[in-house]
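These features come from TrEMBL:
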type: COMPBIAS; residues: 268-284; note: compositional bias 'Basic and acidic residues'
type: COMPBIAS; residues: 285-298; note: compositional bias 'Low complexity'
type: REGION; residues: 268-306; note: region 'Disordered'
type: TRANSMEM; residues: 70-90; note: transmembrane segment
type: TRANSMEM; residues: 110-129; note: transmembrane segment
type: TRANSMEM; residues: 136-155; note: transmembrane segment
type: TRANSMEM; residues: 167-190; note: transmembrane segment
type: TRANSMEM; residues: 197-218; note: transmembrane segment
type: TRANSMEM; residues: 224-246; note: transmembrane segment
type: TRANSMEM; residues: 350-377; note: transmembrane segment
type: TRANSMEM; residues: 389-410; note: transmembrane segment
type: TRANSMEM; residues: 431-450; note: transmembrane segment
type: TRANSMEM; residues: 462-487; note: transmembrane segment
type: TRANSMEM; residues: 499-518; note: transmembrane segment
type: TRANSMEM; residues: 530-552; note: transmembrane segment
Amino acid sequence: MGLGILEDRVMDHVPGTIRYFDDPDRPQYASDGVEGLKCDTSGPVPIILVPQPSDDPNDPLNWPLWKKDLITFILSLTAIFATALGPILAANTMTLSWHFTKSLKNVAKLTGWFLLGVGVAGFLIVPSGRIWGKRHLFIGGTVLLVATCAWGGSVGTNYESFIWARILQGVATAPFEAFVNAAVGDLYFVHQRGKRMAFTNLAVFGGAFFTPILVGKITKELKWWWTFYLVAIFCAVCLPAIIFLCPETAYVRDASLNLDLLSTDNPAARKRDEAARDDPEKTADTSAPSPPSSATGTDGVGGTVTEPRVHPVKPKMSYWQSLALFNGRKTNESFWKLLLRPLPLFFQPAFLWACLIQGLLIGWTVFIGVIMAQFFMGPPLWWDEVNSGYAYTGAFVGAIIGFIIAGLLSDWSARYLTKLNGGIYEPEFRIVLVIPQMILGCAGLFGWGVTVDGLLKGEYSFYVPLTFFALEVAGMVIGAVAGSLYIVDAYRDLAIEGFTCMIIFKNMFSFGLTFKAYDWLIENQTKATPLFNALGAVQVVVCVLSIPMYIYGKRCRSFFHRHDLLAMCGVR
């Protein structure tokens with residue numbers, strides 16, 4: 001039982017468990033018996049590179065770090081503009097209500113329609129991403145963002161046209177929600193993912209909170225439709241950067257190089273790992289599983305193709321060749337099987353946990369955003385669009401705080417716990433991030449309900465509920481990082497399906513909340529305290545579920561590796 005994680009009694013080595021730290025001068029073996037694993041020796045403690053990079057210069061793992069970081073930055077920047085379309089109407093709730101002569105509930109539904117578009121498209125585009133890679137979806141999504149934002153700004157008073165513009169804006173946003181985090185798994189080794197995953201989650205889930213701060217001022221100076229025109233302009237600027245600086249990140253890699261996905265039935269492996277925990281200095285990693293007759297290639301987070309074990313060294317692609325929209329199939333699997341593959345994962349405890357730990361707080365954040373006008377744009381504050389937009393400053397600061405906490409703790413905690421565990425890394429170490437998520441996120445929910453009611457009674461300044469909103473958003477970002485990192489590290493071959501499950505869950509859940517938000521307020525006589533006490537209690541329960549997930553996570557990985565849920569459902 002390593003640091004509270006129950007060892008599996010059946011498998012000697014469970015996929016996801018890896019030797020994270022090791023001595024590069026000591027005899028080591030990959031699954032095919034090749035001695036001498038590649039290590040990162042830049043720090044004081046050598047770190048085995050997981051996955052192991054191939055000898056192919058076109059392997060994204062072999063690209064220089066500055067190139068990987070540039071790709072991550074460009075995709076994250078575009079993701080900020082794309083996901084900004086979610087809360088872009090928050091500060092303009094009253095303005096749009098007057099403009100379209102619709103109720104506040106119907107204005108809130110405009111956010112819901114956007115979320116519906118993201119959820120449905122996120123489900124539909126995954127097969128294309130698995131078969132042909134991510135590049136064509138990033139480029140196509142950006143083009144559609146430009147077109148639909150220009151449409152959204154030109155609808156006039158046609159509410160139905162605006163609904164369709166919002167739905168298709170969601171469709172355009174889906175590739176960035178689905179694949180930016182997955183691209184981190186393509187580009188980086190396990191020990192490099194934490195800070196990058198925190199950054200991409202800040203972009204996808206937190207950067208959007210900067211938008212409402214500007215939207216109110218833009219609306220006052222240029223009218224509300226310019227908020228969409230400006231997003232179209234910024235996305236148009238990002239489009240050449242994606243075309244010319246972001247090559248395909250999906251790659252078909254020999255399965256023997258994916259050390260985090262290997263499993264063995266070698267009894268010596270268990271003795272080695274147990275001895276490593278007791279005295280890692282005296283333990284040599286000298287056992288290797290029998291080499292298979294063929295290797296199953298993977299793109300790092302996706303599909304598989306069977307290939308011979310010996311590969312000739314491929315020539316390096318030229319710059320112009322790397323800009324091809326498609327560079328070959330990444331899997332030979334059926335489109336329809338890939339389409340349906342995420343659905344059974346909702347019945348797998350790890351993926352359901354990730355959906356809940358990430359999706360619920362995102363939903364509560366959307367919930368607060370759509371009802372904020374009820375408290376800040378009416379009596380006693382009577383705020384206009386500008387002040388309502390500035391109210392999101394707290395949420396943006398909270399997103400930054402969440403990013404900093406997740407960025408500092410994610411890799412550090414994984415390294416520290418790995419050292420305590422004798423050099424054996426378990427993906428369940430990522431679940432530790434739920435502790436700050438629970439503290440900040442739940443405090444934000446309980447505090448928001450009490451203080452926003454007190455605001456209407458003159459008991460609190462508006463700074464107080466907005467501070468609790470910041471805490472809730474900080475917890476949301478940390479939870480998004482925790483769920484994403486765990487899925488990438490524990491089930492990297494199913495990461496895209498996992499992210500698809502999370503996208504479907506959070507967007508459908510948030511879509512439902514936009515329809516019920518004002519109804520729930522009316523049922524509670526517009527009092528937020530009892531409502532948010534209930535939401536906070538639900539969030540506490542979900543966070544506490546992380547304890548059994550941490551304890552039994554390794555056995556869960558083993559069980560579902562031996563009992564393939566996807567194969568049982570006929571989609572493998």
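Placement of Cβ uses the backbone N, Cα and C atoms for every residue, glycine included.
TrEMBL annotations: computationally assigned, not manually curated.
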Result, the transmembrane segment (70-90) in contact with the transmembrane segment (530-552) (3+ CB pairs under 8 Å): no
The transmembrane segment (499-518) in contact with the transmembrane segment (224-246), cutoff 8 A, at least 3 CB pairs, sep 6+: no
Range from 70-90, 110-129, 167-190, 224-246, 462-487 with most C-beta pairs under 8 A to the transmembrane segment (136-155): 224-246
Contact between the transmembrane segment (167-190) and the transmembrane segment (431-450) (at least 3 Cβ pairs under 8 Å, separation 6+): no
Candidate ranges 110-129, 224-246, 350-377, 389-410 - greatest C-beta contact count to the transmembrane segment (197-218) (under 8 angstroms): 389-410
Top Cβ-contact partner of the transmembrane segment (70-90) among 224-246, 389-410, 431-450, 462-487 (pairs under 8 Å): 224-246
Selected stretch (most C-beta pairs under 8 A with the transmembrane segment (389-410)) from 110-129, 224-246, 350-377, 462-487: 462-487
Contact ranking winner - 110-129, 224-246, 431-450, 462-487 against the transmembrane segment (350-377), Cβ under 8 Å: 462-487
